[in-house]
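**Q** I grabbed these lines from TrEMBL:
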- 1-215: domain 'Major facilitator superfamily (MFS) profile' (DOMAIN)
- 6-30: transmembrane segment (TRANSMEM)
- 42-60: transmembrane segment (TRANSMEM)
- 66-92: transmembrane segment (TRANSMEM)
- 129-149: transmembrane segment (TRANSMEM)
- 183-206: transmembrane segment (TRANSMEM)
Amino acid sequence: MARDLGITPAAIGIVVTLTQIGLAFGLMLIVPLGDLWDRRKLIVGQIALSAVALVVVGTAPNAVVLFGGMALVGLLAVVIQVIVAFAATLAAPAERGQTIGTIQSGVVSGILLARFASGTLADLGGWRMVYLISAALMLVMAALLARALPRHAPQPLAGSSYTKLLRSTAALFAEEPVLRERAVFALLAFASFSAFWSSIVLPLAAPPLSLSHTT
């Protein structure tokens, strides 16, 4: 990717940074929409738009388009959190924990398998193939979920506005010490994970190891 678009090795790390910034904005601005809009439509729409963003990345002619596309990919990736919230509302109270755990297990398994699959695709057809095939799979997923998710979803919160929801999120963070504690733990875990795996790619790909994307 860096060589293809003329990005220096020192600057290519901004791809990960922009994706994470987009993810943070998505968590703050998009996930609360699930309490106002039909979550089924929101989920399908996000996945379809994610496919568009992935095509933008996969066909990016220069670094500017690439960076913008990656920010959009991160912004729309919060569809996972919307799905978790939707599943929680559909499940019976006694089964809610098991339902969320099942979905989260699938997410983690998908992340691990995606690392191997994307590396294999990159070795076979280059980095662009990874994003273009991902876009195609996202469209398939959007079609499947459009058919599978309930059409009569629970009604959004009555009397709420988008501004009130954003304020309530900030209020919860200020009032709930357990939430702040867990948020800090998640921040540190995510930061350490990203810092390690993002930076280790360059030395592993360089001599004497010269590992491929798959390995």
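Even glycines carry a Cβ here, placed using N, Cα and C.
Curation plays no part in TrEMBL annotations; they are all automatic predictions.
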**Q** Please report, as numbers and ranges, the same-chain residues at least 6 past the borders of the transmembrane segment (66-92) whose CB is under 8 Å from any CB of it.
**A** 1, 5, 14-15, 18-27, 30-31, 33-34, 39-40, 42-43, 46-47, 49-50, 53-54, 56-57, 60, 98-100, 103-104, 107, 149-150, 153-154
**Q** Find the average pLDDT over the domain 'Major facilitator superfamily (MFS) profile' (1-215) in the predicted model and report it.
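**A** Mean pLDDT, the domain 'Major facilitator superfamily (MFS) profile' (1-215): 88.
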